[in-house]
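Since the structure comes first, as C-alpha coordinates, the remarks are kept for the end.
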Amino acid sequence: MTPGEVRRLYFIIRTFLSYGLDELIPRMRLTLPLRLWRYSLFWMPNRHKDKLLGERLRLALQELGPVWIKFGQMLSTRRDLFPPQIADQLALLQDKVAPFDGRLAKAQIEEAMGGLPVDAWFDDFDIQPLASASIAQVHTARLKSNGKEVVIKVIRPDILPVIQADLKLIYRLARWVPRLLPDGRRLRPTEVVREYEKTLIDELNLLRESANAIQLRRNFENSPMLYIPEVYSDYCSQNMMVMERIYGIPVSDVAALEKNGTNMKLLAERGVKVFFTQVFRDSFFHADMHPGNIFVSHEHPENPQYIGIDCGIVGSLNKEDKRYLAENFIAFFNRDYRKVAELHVDSGWVPPDTNVEDFEFAIRTVCEPIFEKPLAEISFGHVLLNLFNTARRFNMEVQPQLVLLQKTLLYVEGVGRQLYPQLDLWKTAKPFLESWIKDQVGIPALTRALKEKAPFWVEKMPEIPELVYDSLRQGKYLQHSVDKIARELQVNHVRQSQSRYLLGIGATLLLSGSFLLVNRPEWGLMPSWLMVGGVVVWLVGWRKTR
(Lines of atoms letter the chains of each structure in order from A and count residues from 1; the text may use other names and numbers.)
(Lines give C-alpha, C1' and ligand atoms only; values in the text may rest on other atoms or scores of the structure.)
Protein backbone atom coordinates (compact mmCIF):
# COMPACT_ATOMS: atom_id res chain seq x y z
CA MET A 1 0.00 0.00 0.00
CA THR A 2 1.17 3.53 -0.78
CA PRO A 3 1.51 6.11 2.03
CA GLY A 4 -1.59 7.85 0.68
CA GLU A 5 -3.61 4.62 0.87
CA VAL A 6 -2.39 3.99 4.41
CA ARG A 7 -3.49 7.48 5.49
CA ARG A 8 -6.88 7.04 3.84
CA LEU A 9 -7.35 3.60 5.42
CA TYR A 10 -6.47 5.05 8.82
CA PHE A 11 -9.10 7.78 8.33
CA ILE A 12 -11.73 5.19 7.33
CA ILE A 13 -10.97 2.97 10.36
CA ARG A 14 -10.99 5.97 12.71
CA THR A 15 -14.35 7.11 11.31
CA PHE A 16 -15.90 3.64 11.59
CA LEU A 17 -14.70 3.22 15.19
CA SER A 18 -15.77 6.71 16.26
CA TYR A 19 -19.31 5.75 15.18
CA GLY A 20 -19.10 2.35 16.88
CA LEU A 21 -19.45 0.39 13.65
CA ASP A 22 -17.32 -2.44 15.04
CA GLU A 23 -20.66 -3.55 16.54
CA LEU A 24 -21.49 -4.88 13.06
CA ILE A 25 -18.94 -7.66 13.67
CA PRO A 26 -20.17 -10.36 16.11
CA ARG A 27 -17.77 -10.76 19.05
CA MET A 28 -17.54 -14.51 18.47
CA ARG A 29 -16.02 -13.80 15.04
CA LEU A 30 -13.23 -11.62 16.44
CA THR A 31 -9.98 -13.57 16.59
CA LEU A 32 -7.52 -12.87 19.38
CA PRO A 33 -5.29 -10.64 17.19
CA LEU A 34 -8.33 -8.59 16.12
CA ARG A 35 -9.50 -8.21 19.71
CA LEU A 36 -6.04 -7.07 20.81
CA TRP A 37 -5.94 -4.66 17.86
CA ARG A 38 -9.34 -3.22 18.86
CA TYR A 39 -8.29 -2.85 22.51
CA SER A 40 -5.11 -1.08 21.38
CA LEU A 41 -7.32 1.58 19.79
CA PHE A 42 -8.97 2.46 23.11
CA TRP A 43 -8.44 6.14 22.30
CA MET A 44 -10.98 5.76 19.41
CA PRO A 45 -14.18 5.10 21.39
CA ASN A 46 -17.74 5.24 20.07
CA ARG A 47 -18.64 8.94 20.34
CA HIS A 48 -22.26 8.47 19.25
CA LYS A 49 -23.66 5.92 21.69
CA ASP A 50 -26.95 7.80 21.88
CA LYS A 51 -27.74 6.96 18.24
CA LEU A 52 -29.00 3.70 16.73
CA LEU A 53 -26.65 1.58 14.62
CA GLY A 54 -28.35 2.41 11.30
CA GLU A 55 -28.09 6.15 11.89
CA ARG A 56 -24.44 5.83 12.93
CA LEU A 57 -23.66 3.93 9.72
CA ARG A 58 -25.35 6.64 7.64
CA LEU A 59 -23.46 9.45 9.40
CA ALA A 60 -20.13 7.62 9.01
CA LEU A 61 -20.65 7.17 5.26
CA GLN A 62 -21.55 10.86 4.92
CA GLU A 63 -18.33 11.80 6.70
CA LEU A 64 -16.24 9.55 4.42
CA GLY A 65 -17.33 11.42 1.32
CA PRO A 66 -19.10 11.05 -2.02
CA VAL A 67 -17.82 7.60 -3.05
CA TRP A 68 -19.02 6.12 0.22
CA ILE A 69 -22.30 8.05 0.11
CA LYS A 70 -23.12 6.58 -3.29
CA PHE A 71 -22.03 3.14 -2.07
CA GLY A 72 -24.44 3.48 0.85
CA GLN A 73 -27.23 4.56 -1.51
CA MET A 74 -26.66 1.46 -3.60
CA LEU A 75 -26.57 -0.76 -0.49
CA SER A 76 -29.92 0.71 0.61
CA THR A 77 -31.50 -1.00 -2.42
CA ARG A 78 -30.05 -4.38 -1.39
CA ARG A 79 -32.49 -5.07 1.41
CA ASP A 80 -31.54 -8.73 1.25
CA LEU A 81 -28.20 -7.72 2.81
CA PHE A 82 -29.36 -5.60 5.76
CA PRO A 83 -32.19 -5.51 8.30
CA PRO A 84 -34.87 -2.86 7.59
CA GLN A 85 -33.67 -0.42 10.26
CA ILE A 86 -30.26 -0.15 8.57
CA ALA A 87 -31.53 -0.17 4.97
CA ASP A 88 -34.04 2.60 5.81
CA GLN A 89 -31.26 4.79 7.21
CA LEU A 90 -29.04 4.19 4.17
CA ALA A 91 -31.92 5.29 1.94
CA LEU A 92 -31.76 8.72 3.64
CA LEU A 93 -28.24 9.38 2.35
CA GLN A 94 -28.21 12.57 0.27
CA ASP A 95 -25.75 12.96 -2.59
CA LYS A 96 -25.16 16.65 -1.86
CA VAL A 97 -21.66 18.07 -1.62
CA ALA A 98 -20.16 21.53 -1.83
CA PRO A 99 -19.79 22.77 -5.44
CA PHE A 100 -16.37 23.12 -6.97
CA ASP A 101 -15.16 26.45 -8.36
CA GLY A 102 -17.24 27.55 -11.36
CA ARG A 103 -14.08 28.75 -13.08
CA LEU A 104 -12.85 25.14 -13.14
CA ALA A 105 -16.15 24.10 -14.72
CA LYS A 106 -15.78 26.86 -17.30
CA ALA A 107 -12.23 25.72 -18.13
CA GLN A 108 -13.44 22.13 -18.49
CA ILE A 109 -16.24 23.22 -20.86
CA GLU A 110 -13.76 25.19 -22.98
CA GLU A 111 -11.44 22.17 -23.15
CA ALA A 112 -14.36 19.95 -24.25
CA MET A 113 -15.29 22.50 -26.96
CA GLY A 114 -11.84 22.43 -28.55
CA GLY A 115 -10.27 25.29 -26.59
CA LEU A 116 -12.74 27.96 -27.73
CA PRO A 117 -14.09 30.33 -25.06
CA VAL A 118 -17.49 29.54 -23.51
CA ASP A 119 -19.10 32.61 -25.08
CA ALA A 120 -18.31 31.22 -28.53
CA TRP A 121 -21.01 28.60 -27.95
CA PHE A 122 -23.16 29.88 -25.08
CA ASP A 123 -24.71 33.13 -23.90
CA ASP A 124 -25.57 33.99 -20.29
CA PHE A 125 -23.33 31.28 -18.85
CA ASP A 126 -23.82 31.31 -15.06
CA ILE A 127 -20.56 30.76 -13.22
CA GLN A 128 -22.58 29.80 -10.12
CA PRO A 129 -23.79 26.17 -10.32
CA LEU A 130 -27.50 25.41 -10.37
CA ALA A 131 -26.92 22.09 -8.57
CA SER A 132 -23.97 20.08 -7.32
CA ALA A 133 -23.47 16.39 -6.55
CA SER A 134 -20.58 14.04 -5.88
CA ILE A 135 -19.86 13.18 -9.52
CA ALA A 136 -20.86 16.33 -11.43
CA GLN A 137 -22.41 19.77 -11.20
CA VAL A 138 -24.76 21.75 -13.42
CA HIS A 139 -24.55 25.29 -14.82
CA THR A 140 -27.15 27.20 -16.83
CA ALA A 141 -26.69 29.03 -20.15
CA ARG A 142 -28.32 29.75 -23.52
CA LEU A 143 -27.32 28.24 -26.83
CA LYS A 144 -25.79 30.92 -29.02
CA SER A 145 -27.19 29.23 -32.13
CA ASN A 146 -30.91 29.42 -31.24
CA GLY A 147 -31.21 31.16 -27.86
CA LYS A 148 -32.69 28.11 -26.11
CA GLU A 149 -32.12 27.73 -22.37
CA VAL A 150 -29.91 24.78 -21.50
CA VAL A 151 -28.15 23.18 -18.56
CA ILE A 152 -24.51 22.11 -18.87
CA LYS A 153 -23.47 19.13 -16.76
CA VAL A 154 -19.74 18.74 -16.14
CA ILE A 155 -17.83 15.99 -14.35
CA ARG A 156 -15.85 17.06 -11.28
CA PRO A 157 -12.18 17.55 -12.19
CA ASP A 158 -9.78 14.88 -10.89
CA ILE A 159 -12.66 12.77 -9.51
CA LEU A 160 -11.47 9.53 -11.18
CA PRO A 161 -8.27 9.05 -9.08
CA VAL A 162 -10.28 9.66 -5.89
CA ILE A 163 -12.88 7.07 -6.94
CA GLN A 164 -10.24 4.51 -7.93
CA ALA A 165 -8.36 4.92 -4.64
CA ASP A 166 -11.49 4.51 -2.50
CA LEU A 167 -12.73 1.58 -4.60
CA LYS A 168 -9.43 -0.20 -4.02
CA LEU A 169 -9.89 0.19 -0.26
CA ILE A 170 -13.55 -0.89 -0.44
CA TYR A 171 -12.44 -4.06 -2.26
CA ARG A 172 -9.89 -4.74 0.50
CA LEU A 173 -12.58 -4.37 3.17
CA ALA A 174 -15.02 -6.54 1.18
CA ARG A 175 -12.54 -9.43 1.22
CA TRP A 176 -12.63 -9.37 5.02
CA VAL A 177 -16.42 -9.61 5.27
CA PRO A 178 -16.64 -13.44 4.82
CA ARG A 179 -14.09 -13.87 7.63
CA LEU A 180 -15.83 -11.52 10.04
CA LEU A 181 -19.57 -12.10 9.47
CA PRO A 182 -21.29 -15.49 9.89
CA ASP A 183 -23.32 -14.90 6.73
CA GLY A 184 -20.52 -13.08 4.94
CA ARG A 185 -19.93 -15.58 2.16
CA ARG A 186 -23.60 -15.69 1.14
CA LEU A 187 -23.65 -11.89 0.91
CA ARG A 188 -21.05 -12.05 -1.88
CA PRO A 189 -19.43 -8.73 -0.84
CA THR A 190 -16.93 -8.67 -3.71
CA GLU A 191 -19.78 -9.03 -6.23
CA VAL A 192 -21.62 -6.16 -4.55
CA VAL A 193 -18.55 -3.90 -4.82
CA ARG A 194 -18.01 -4.94 -8.45
CA GLU A 195 -21.62 -4.04 -9.24
CA TYR A 196 -21.16 -0.66 -7.53
CA GLU A 197 -17.91 -0.02 -9.42
CA LYS A 198 -19.63 -0.64 -12.77
CA THR A 199 -22.49 1.74 -11.88
CA LEU A 200 -20.09 4.43 -10.69
CA ILE A 201 -17.80 4.22 -13.72
CA ASP A 202 -20.84 4.37 -16.01
CA GLU A 203 -21.93 7.60 -14.31
CA LEU A 204 -18.55 9.16 -15.13
CA ASN A 205 -19.26 8.83 -18.87
CA LEU A 206 -21.74 11.56 -19.85
CA LEU A 207 -21.87 10.25 -23.43
CA ARG A 208 -23.56 7.16 -22.01
CA GLU A 209 -26.04 9.29 -20.06
CA SER A 210 -26.73 11.34 -23.21
CA ALA A 211 -27.48 8.18 -25.20
CA ASN A 212 -29.77 6.91 -22.42
CA ALA A 213 -31.71 10.18 -22.36
CA ILE A 214 -32.09 10.19 -26.15
CA GLN A 215 -33.41 6.61 -26.07
CA LEU A 216 -35.93 7.36 -23.30
CA ARG A 217 -37.05 10.54 -25.07
CA ARG A 218 -37.63 8.57 -28.28
CA ASN A 219 -39.57 5.87 -26.39
CA PHE A 220 -41.96 8.47 -24.92
CA GLU A 221 -42.12 10.89 -27.82
CA ASN A 222 -45.49 12.74 -27.81
CA SER A 223 -46.53 10.83 -24.67
CA PRO A 224 -48.83 12.65 -22.24
CA MET A 225 -47.32 10.62 -19.36
CA LEU A 226 -43.58 11.39 -19.47
CA TYR A 227 -41.34 14.07 -20.97
CA ILE A 228 -37.55 13.70 -21.26
CA PRO A 229 -35.65 16.95 -22.02
CA GLU A 230 -33.91 17.22 -25.38
CA VAL A 231 -30.19 16.44 -25.47
CA TYR A 232 -27.97 18.54 -27.74
CA SER A 233 -25.60 15.79 -28.89
CA ASP A 234 -23.29 18.09 -30.87
CA TYR A 235 -22.18 19.71 -27.61
CA CYS A 236 -21.76 16.48 -25.59
CA SER A 237 -18.55 14.70 -24.69
CA GLN A 238 -17.42 12.19 -22.09
CA ASN A 239 -17.04 14.95 -19.47
CA MET A 240 -19.81 17.32 -20.56
CA MET A 241 -23.50 17.06 -21.42
CA VAL A 242 -25.82 19.80 -22.69
CA MET A 243 -29.58 19.42 -22.52
CA GLU A 244 -32.77 21.47 -22.54
CA ARG A 245 -33.52 23.31 -19.30
CA ILE A 246 -36.89 22.36 -17.83
CA TYR A 247 -39.12 24.07 -15.29
CA GLY A 248 -41.34 21.86 -13.19
CA ILE A 249 -42.60 21.15 -9.71
CA PRO A 250 -40.50 18.63 -7.74
CA VAL A 251 -42.61 15.48 -7.35
CA SER A 252 -41.90 15.49 -3.62
CA ASP A 253 -43.49 18.96 -3.20
CA VAL A 254 -47.04 17.73 -2.67
CA ALA A 255 -48.25 21.12 -1.40
CA ALA A 256 -47.10 22.89 -4.59
CA LEU A 257 -48.70 20.20 -6.76
CA GLU A 258 -52.01 20.53 -4.93
CA LYS A 259 -51.81 24.33 -5.14
CA ASN A 260 -51.34 23.98 -8.92
CA GLY A 261 -54.57 21.93 -9.09
CA THR A 262 -52.85 18.69 -10.09
CA ASN A 263 -54.99 15.56 -10.47
CA MET A 264 -53.08 13.58 -7.82
CA LYS A 265 -54.84 10.26 -8.41
CA LEU A 266 -54.11 10.33 -12.14
CA LEU A 267 -50.53 11.47 -11.50
CA ALA A 268 -49.89 8.56 -9.11
CA GLU A 269 -51.43 6.01 -11.49
CA ARG A 270 -49.41 7.40 -14.40
CA GLY A 271 -46.21 6.87 -12.44
CA VAL A 272 -47.02 3.14 -12.22
CA LYS A 273 -47.97 2.99 -15.91
CA VAL A 274 -44.77 4.80 -16.95
CA PHE A 275 -42.69 2.28 -15.01
CA PHE A 276 -44.42 -0.82 -16.40
CA THR A 277 -44.37 0.65 -19.91
CA GLN A 278 -40.61 1.16 -19.69
CA VAL A 279 -40.04 -2.36 -18.36
CA PHE A 280 -42.43 -4.44 -20.48
CA ARG A 281 -42.94 -2.44 -23.66
CA ASP A 282 -39.49 -0.91 -24.10
CA SER A 283 -37.21 -3.24 -22.08
CA PHE A 284 -35.34 -0.06 -21.10
CA PHE A 285 -36.13 1.69 -17.83
CA HIS A 286 -34.84 4.70 -15.90
CA ALA A 287 -33.30 3.03 -12.84
CA ASP A 288 -32.67 6.14 -10.73
CA MET A 289 -36.21 7.47 -10.35
CA HIS A 290 -35.84 8.90 -6.86
CA PRO A 291 -37.80 12.12 -6.13
CA GLY A 292 -34.81 14.36 -6.90
CA ASN A 293 -34.87 13.24 -10.52
CA ILE A 294 -38.61 13.59 -11.15
CA PHE A 295 -40.61 16.77 -11.75
CA VAL A 296 -44.18 17.48 -12.83
CA SER A 297 -45.02 19.92 -15.60
CA HIS A 298 -46.79 23.16 -14.61
CA GLU A 299 -48.97 22.87 -17.70
CA HIS A 300 -52.36 21.10 -17.88
CA PRO A 301 -52.44 19.97 -14.21
CA GLU A 302 -55.71 18.12 -14.85
CA ASN A 303 -53.76 15.90 -17.29
CA PRO A 304 -50.40 15.83 -15.45
CA GLN A 305 -47.13 14.89 -17.11
CA TYR A 306 -43.91 13.73 -15.45
CA ILE A 307 -40.52 15.15 -16.42
CA GLY A 308 -37.52 12.85 -15.94
CA ILE A 309 -33.87 13.89 -15.71
CA ASP A 310 -30.51 12.28 -14.82
CA CYS A 311 -30.56 9.15 -16.98
CA GLY A 312 -27.11 7.92 -15.95
CA ILE A 313 -28.42 4.63 -14.56
CA VAL A 314 -30.76 2.54 -16.69
CA GLY A 315 -31.82 -1.09 -16.61
CA SER A 316 -33.08 -3.58 -19.15
CA LEU A 317 -34.68 -7.02 -19.11
CA ASN A 318 -34.54 -9.66 -21.81
CA LYS A 319 -37.71 -11.24 -23.16
CA GLU A 320 -37.49 -14.28 -20.87
CA ASP A 321 -36.94 -12.18 -17.72
CA LYS A 322 -39.96 -10.01 -18.58
CA ARG A 323 -42.23 -13.00 -19.09
CA TYR A 324 -41.13 -14.72 -15.89
CA LEU A 325 -41.45 -11.48 -13.93
CA ALA A 326 -44.98 -10.76 -15.19
CA GLU A 327 -46.09 -14.35 -14.55
CA ASN A 328 -44.50 -14.22 -11.08
CA PHE A 329 -46.53 -11.16 -10.14
CA ILE A 330 -49.79 -12.65 -11.43
CA ALA A 331 -49.12 -16.03 -9.76
CA PHE A 332 -48.29 -14.29 -6.48
CA PHE A 333 -51.46 -12.22 -6.41
CA ASN A 334 -53.41 -15.38 -7.32
CA ARG A 335 -51.60 -17.02 -4.37
CA ASP A 336 -50.33 -19.76 -6.66
CA TYR A 337 -47.05 -20.38 -4.84
CA ARG A 338 -46.35 -23.60 -6.74
CA LYS A 339 -46.34 -21.59 -9.96
CA VAL A 340 -44.02 -18.99 -8.40
CA ALA A 341 -41.56 -21.73 -7.37
CA GLU A 342 -41.67 -23.40 -10.79
CA LEU A 343 -41.12 -20.06 -12.54
CA HIS A 344 -37.99 -19.40 -10.48
CA VAL A 345 -36.60 -22.82 -11.47
CA ASP A 346 -37.64 -22.56 -15.14
CA SER A 347 -36.07 -19.11 -15.46
CA GLY A 348 -32.74 -20.35 -14.14
CA TRP A 349 -32.83 -17.89 -11.23
CA VAL A 350 -32.37 -20.85 -8.86
CA PRO A 351 -30.47 -24.11 -9.61
CA PRO A 352 -32.35 -26.74 -11.65
CA ASP A 353 -31.99 -29.35 -8.89
CA THR A 354 -33.93 -27.18 -6.40
CA ASN A 355 -36.63 -29.11 -4.54
CA VAL A 356 -39.78 -27.39 -5.83
CA GLU A 357 -41.94 -28.62 -2.92
CA ASP A 358 -39.55 -27.20 -0.31
CA PHE A 359 -39.22 -23.96 -2.28
CA GLU A 360 -43.00 -23.63 -2.59
CA PHE A 361 -43.41 -24.13 1.17
CA ALA A 362 -40.75 -21.48 1.91
CA ILE A 363 -42.45 -18.97 -0.42
CA ARG A 364 -45.86 -19.68 1.13
CA THR A 365 -44.47 -19.21 4.65
CA VAL A 366 -42.96 -15.82 3.81
CA CYS A 367 -45.61 -14.43 1.45
CA GLU A 368 -48.93 -15.63 2.85
CA PRO A 369 -48.87 -13.14 5.79
CA ILE A 370 -48.68 -10.31 3.24
CA PHE A 371 -52.29 -11.01 2.24
CA GLU A 372 -53.47 -10.09 5.73
CA LYS A 373 -53.29 -6.51 4.42
CA PRO A 374 -55.87 -5.08 2.02
CA LEU A 375 -54.77 -5.64 -1.58
CA ALA A 376 -54.37 -1.90 -2.15
CA GLU A 377 -51.71 -1.72 0.60
CA ILE A 378 -49.51 -4.53 -0.71
CA SER A 379 -46.15 -3.31 -2.01
CA PHE A 380 -44.89 -4.73 -5.30
CA GLY A 381 -41.34 -3.85 -4.28
CA HIS A 382 -41.61 -5.75 -1.01
CA VAL A 383 -43.22 -8.69 -2.80
CA LEU A 384 -40.13 -8.90 -5.02
CA LEU A 385 -37.88 -8.42 -1.99
CA ASN A 386 -39.56 -11.28 -0.10
CA LEU A 387 -39.36 -13.55 -3.13
CA PHE A 388 -35.67 -12.77 -3.73
CA ASN A 389 -34.76 -13.17 -0.06
CA THR A 390 -36.46 -16.57 0.01
CA ALA A 391 -34.86 -17.59 -3.28
CA ARG A 392 -31.40 -16.66 -1.99
CA ARG A 393 -31.80 -19.34 0.69
CA PHE A 394 -32.08 -21.75 -2.25
CA ASN A 395 -28.85 -20.42 -3.82
CA MET A 396 -30.38 -17.87 -6.16
CA GLU A 397 -27.60 -16.02 -7.95
CA VAL A 398 -27.60 -12.22 -7.78
CA GLN A 399 -29.53 -10.88 -10.79
CA PRO A 400 -28.29 -7.26 -11.25
CA GLN A 401 -31.12 -6.36 -13.64
CA LEU A 402 -33.72 -7.53 -11.09
CA VAL A 403 -32.00 -5.66 -8.24
CA LEU A 404 -32.19 -2.44 -10.29
CA LEU A 405 -35.82 -3.14 -11.11
CA GLN A 406 -36.76 -3.80 -7.49
CA LYS A 407 -35.03 -0.57 -6.38
CA THR A 408 -36.86 1.44 -9.06
CA LEU A 409 -40.18 -0.18 -8.18
CA LEU A 410 -39.74 0.84 -4.54
CA TYR A 411 -39.09 4.44 -5.67
CA VAL A 412 -42.18 4.41 -7.90
CA GLU A 413 -44.36 3.00 -5.13
CA GLY A 414 -43.04 5.46 -2.59
CA VAL A 415 -43.68 8.44 -4.85
CA GLY A 416 -47.10 7.13 -5.91
CA ARG A 417 -48.36 6.63 -2.37
CA GLN A 418 -46.92 9.97 -1.27
CA LEU A 419 -48.96 11.63 -4.01
CA TYR A 420 -52.11 9.56 -3.50
CA PRO A 421 -52.13 7.34 -0.38
CA GLN A 422 -55.11 5.30 -1.68
CA LEU A 423 -53.16 4.20 -4.78
CA ASP A 424 -53.92 0.54 -5.61
CA LEU A 425 -50.87 -0.61 -7.52
CA TRP A 426 -52.27 -4.04 -8.30
CA LYS A 427 -55.47 -2.61 -9.75
CA THR A 428 -53.39 -0.27 -11.91
CA ALA A 429 -50.78 -2.82 -12.99
CA LYS A 430 -52.83 -6.03 -13.37
CA PRO A 431 -54.58 -5.10 -16.66
CA PHE A 432 -51.23 -3.99 -18.09
CA LEU A 433 -49.49 -7.26 -17.11
CA GLU A 434 -52.32 -9.50 -18.30
CA SER A 435 -52.55 -7.63 -21.59
CA TRP A 436 -48.79 -7.90 -22.08
CA ILE A 437 -48.73 -11.66 -21.38
CA LYS A 438 -51.71 -12.21 -23.70
CA ASP A 439 -49.85 -10.27 -26.38
CA GLN A 440 -46.82 -12.57 -26.03
CA VAL A 441 -48.64 -15.86 -26.73
CA GLY A 442 -51.19 -17.17 -29.21
CA ILE A 443 -51.91 -16.31 -32.85
CA PRO A 444 -51.15 -12.52 -32.61
CA ALA A 445 -47.70 -13.20 -31.16
CA LEU A 446 -47.00 -15.88 -33.78
CA THR A 447 -48.14 -13.56 -36.59
CA ARG A 448 -45.94 -10.76 -35.25
CA ALA A 449 -42.93 -13.09 -35.01
CA LEU A 450 -43.47 -14.25 -38.60
CA LYS A 451 -43.68 -10.64 -39.77
CA GLU A 452 -40.46 -9.80 -37.95
CA LYS A 453 -38.66 -12.77 -39.53
CA ALA A 454 -40.19 -12.38 -43.00
CA PRO A 455 -37.44 -10.06 -44.42
CA PHE A 456 -34.77 -12.51 -43.25
CA TRP A 457 -36.46 -15.50 -44.92
CA VAL A 458 -37.13 -13.53 -48.12
CA GLU A 459 -33.43 -12.64 -48.24
CA LYS A 460 -32.40 -16.27 -47.68
CA MET A 461 -34.96 -17.79 -50.09
CA PRO A 462 -32.61 -17.87 -53.16
CA GLU A 463 -30.04 -19.82 -51.11
CA ILE A 464 -32.47 -22.60 -50.13
CA PRO A 465 -32.08 -24.82 -53.29
CA GLU A 466 -28.29 -24.76 -52.95
CA LEU A 467 -28.55 -25.51 -49.22
CA VAL A 468 -30.90 -28.46 -49.96
CA TYR A 469 -28.49 -29.81 -52.60
CA ASP A 470 -25.52 -29.45 -50.21
CA SER A 471 -27.50 -31.20 -47.48
CA LEU A 472 -28.37 -34.12 -49.79
CA ARG A 473 -24.76 -34.42 -50.92
CA GLN A 474 -23.54 -34.28 -47.34
CA GLY A 475 -26.20 -36.88 -46.49
CA LYS A 476 -24.82 -39.17 -49.20
CA TYR A 477 -21.28 -38.79 -47.86
CA LEU A 478 -22.57 -39.29 -44.35
CA GLN A 479 -24.38 -42.50 -45.37
CA HIS A 480 -21.19 -43.77 -47.02
CA SER A 481 -19.26 -43.01 -43.81
CA VAL A 482 -21.91 -44.71 -41.69
CA ASP A 483 -21.79 -47.83 -43.92
CA LYS A 484 -18.01 -47.90 -43.70
CA ILE A 485 -18.09 -47.60 -39.92
CA ALA A 486 -20.76 -50.33 -39.74
CA ARG A 487 -18.60 -52.70 -41.82
CA GLU A 488 -15.57 -51.98 -39.65
CA LEU A 489 -17.61 -52.62 -36.53
CA GLN A 490 -18.85 -55.91 -37.99
CA VAL A 491 -15.28 -56.99 -38.85
CA ASN A 492 -14.14 -56.00 -35.37
CA HIS A 493 -17.02 -57.95 -33.87
CA VAL A 494 -16.04 -61.10 -35.82
CA ARG A 495 -12.40 -60.58 -34.90
CA GLN A 496 -13.29 -60.17 -31.23
CA SER A 497 -15.40 -63.35 -31.34
CA GLN A 498 -12.54 -65.30 -32.93
CA SER A 499 -10.10 -63.86 -30.43
CA ARG A 500 -12.23 -64.89 -27.45
CA TYR A 501 -12.62 -68.38 -28.98
CA LEU A 502 -8.85 -68.83 -29.48
CA LEU A 503 -8.03 -67.45 -26.03
CA GLY A 504 -10.44 -69.97 -24.53
CA ILE A 505 -8.93 -72.91 -26.49
CA GLY A 506 -5.39 -71.80 -25.61
CA ALA A 507 -6.21 -71.55 -21.92
CA THR A 508 -7.91 -74.97 -21.99
CA LEU A 509 -4.91 -76.66 -23.67
CA LEU A 510 -2.51 -74.97 -21.25
CA LEU A 511 -4.48 -76.09 -18.18
CA SER A 512 -4.97 -79.62 -19.56
CA GLY A 513 -1.26 -80.00 -20.31
CA SER A 514 -0.34 -78.75 -16.83
CA PHE A 515 -2.77 -81.22 -15.23
CA LEU A 516 -1.46 -84.22 -17.24
CA LEU A 517 2.17 -83.27 -16.64
CA VAL A 518 1.61 -83.45 -12.88
CA ASN A 519 -0.78 -86.42 -12.68
CA ARG A 520 0.18 -88.60 -15.74
CA PRO A 521 3.97 -88.62 -16.06
CA GLU A 522 3.71 -91.93 -17.98
CA TRP A 523 2.19 -90.00 -20.94
CA GLY A 524 5.67 -88.79 -21.84
CA LEU A 525 5.93 -85.67 -24.01
CA MET A 526 2.19 -85.36 -24.73
CA PRO A 527 1.42 -82.95 -21.82
CA SER A 528 4.34 -80.73 -22.83
CA TRP A 529 3.14 -80.56 -26.44
CA LEU A 530 -0.36 -79.66 -25.20
CA MET A 531 1.07 -76.82 -23.09
CA VAL A 532 3.18 -75.50 -25.99
CA GLY A 533 0.16 -75.65 -28.29
CA GLY A 534 -1.99 -73.86 -25.69
CA VAL A 535 0.55 -71.05 -25.42
CA VAL A 536 0.74 -70.69 -29.22
CA VAL A 537 -3.06 -70.65 -29.64
CA TRP A 538 -3.44 -68.18 -26.73
CA LEU A 539 -0.84 -65.83 -28.27
CA VAL A 540 -2.62 -65.92 -31.65
CA GLY A 541 -5.91 -65.06 -29.93
CA TRP A 542 -4.30 -62.25 -27.93
CA ARG A 543 -2.76 -60.77 -31.09
CA LYS A 544 -6.19 -60.57 -32.75
CA THR A 545 -7.37 -58.25 -29.96
CA ARG A 546 -4.68 -55.68 -30.73
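These residue numbers are counts, starting from 1, taken along the chain as shown.
Keep in mind that glycine also has a Cβ here, set from the backbone N, Cα and C atoms.
Close to ASP288 (active site, proton acceptor) in the fold, though at least 6 residues off in sequence, lie ASP310, CYS311, GLY312, ILE313, THR408, each with a CB less than 8 Å from its CB. What Swiss-Prot records for ASP288 is active site, proton acceptor, and it gives sequence analysis as the kind of evidence.
According to Swiss-Prot, the feature ATP binding site maps to LEU130, ALA131, SER132, ALA133, SER134, ILE135, ALA136, GLN137, VAL138, LYS153. Secondary structure at ALA136 (ATP binding site), taken from DSSP and collapsed to helix, strand or coil, is strand.
Swiss-Prot lists 124-502 with the feature domain 'Protein kinase'.
Residues or ranges marked as transmembrane segment by Swiss-Prot: 501-521 (among others).
Annotation source Swiss-Prot lists transmembrane segment at 522-542 (among others).
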Item to check | Residue, out of the binding-site residues SER132, SER134, whose Cβ gathers the largest set of other Cβ atoms within 10 Å | outcome: SER134
Checklist outcome for this item: Should one count Cβ atoms within 10 Å of each candidate's Cβ, the binding-site residues LEU130, ALA136, VAL138 would be headed by ALA136
Next on the checklist: Residues other than LEU130, ALA131, SER132, ALA133, SER134, ILE135, ALA136, GLN137, VAL138, LYS153 within 8 Å, Cβ to Cβ centroid, of the ATP site?
Outcome noted: PRO99, PRO129, VAL154
Checklist entry - What average pLDDT is reported by the model for the domain 'Protein kinase' (124-502)? => result 83
